[in-house]
Amino acid sequence: MDKSLFEQARPILEQIQDNGFEAYYVGGSVRDYVMGRNIHDIDITTSATPDEIESIFSHTIPVGKEHGTINVVFNDENYEVTTFRAEEDYVDHRRPSGVTFVRDLYEDLQRRDFTMNAIAMDTANKLYDYFDGQQDINNRIIRTVGIAEERFQEDALRMIRCLRFQSQLSFDIATETFEAMRTQMADIKFLSIERIVIELTKLMRGINVEKSFNHLKSLKAFNYMPYFEHLDMNQINVTEPIDLELLIAIVSVKFDINYSLKPLKLSNRQVKDINQYIQIMNALPSIITKEQLKMFVYDYDTNLIKNVMVAADVLKANDIQGHEPLIVNLQTIDETLHRLPMHNRKDMMVNGGVLMAHLNAKSGPWLKDLLRQIEIAIVTGKVSNEETEILKWVDNHVKI
């Protein structure tokens, strides 16, 4: 088990303790330590207030000081150090109206979401587990700390996080926790879609995504999410991990819709990937010749092509026609990509200026069409990517 990240952070805890305060590792890192999983991020909780943390360390960043969180920069790494706190009443099912700093570890841990995330550990690797988190981990159960309805009323995102953890960890959800989700799922409509998308992205990549996705449907979670709320998501099936962007593309192809993606507030890159996924899925079934395969590999991101091909079972489960394996497979994609004479239009040895000068013509719609014709001719091997050869080909094959 890799404990090196704990060791790297140990001097921070020791320095806090040397100044008379308590300090512990907490949250996901401790959960993963107990499970024997790789540890990625270290979170630290302490009885010291933010002001006291800033006085102890020379290099700090007040990233969320009003909520008790200070980033301590140590050996060029950022560590989140958060003061023990009790939270006041929540507003809009998503954030506390205020926080009160406390000096008691138990009081801090009891406000956390799930028992598996409410375990603290000191520098001697002693665990502080007031809510039987280790027992739930051993039994592979996700259970809220305390009363489930109260935890979900505080922050409705915890319901989506619960399903995300189920997908990632292949845990079951405690009956009382699941029933509270059933009665309170409508509260996710109060959340920002950005927070939901972050959780869905992780959920869709989890090893147990099929079960969690089915729970999203049975709990009617999609009814309260922008974009998805207008669709019958019960018709969508996910049988293995895929990107969220691919899911959205599958939905678009399955229902033959062209809804705006703006309600999901995705990045430009995500929108671009979704549109490419749609084009790839529409193009795949019609590829029957080597020339078509060359243009297909040239026109689209090969990583996205491979993602679609690997997800063939998901496409089939949604009645979307896939590729012809004898013509299009991972090997032929790689071989075709390797043999392409160029990989984008910037590699082409002529441009619009050269063509206008050669043909003594002004710019117009013809130019875009001609550049595409040349592109196709080069990629499919009809002409070599050399200026003189291209211009000869233009003279012999093109009329404007």
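From the backbone N, Cα and C atoms, a Cβ is placed for every residue, glycine too.
Quick look at what Swiss-Prot annotates:
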BINDING   G28, R31, R112, D155, R158, R161, R164  CTP binding site
BINDING   G28, R31, R112, D155, R158, R161, R164  ATP binding site
BINDING   D41, D43  Mg(2+) binding site
D43 (Mg(2+) binding site), number of other Cβ atoms within 10 Å: 18
Residue with minimal Cβ packing [other Cβ atoms within 10 Å] among the binding-site residues D41, D155: D41
Rounded inter-Cα distance in Å - D155 (CTP binding site), D41 (Mg(2+) binding site): 22
Three-state secondary structure, which DSSP defines for R158 (CTP binding site): helix
Residue pair R31 (CTP binding site), D41 (Mg(2+) binding site) - Cα distance, angstrom, rounded: 11
Cα-proximity to D41 (Mg(2+) binding site), 10 Å cut-off, over binding-site residues G28, R112, R158, R161, R164: G28
Shortest C-alpha distance to D43 (Mg(2+) binding site) - which of the binding-site residues G28, R112, R158, R161, R164: G28
Residues that sit under 8 angstroms from R161 (CTP binding site) by C-beta distance, when 6+ apart in the chain: D113, E199
Greatest C-beta neighbour count within 10 angstroms, which of the binding-site residues R31, R112, R158, R164: R158
For D41 (Mg(2+) binding site), the three-state class that DSSP assigns: coil
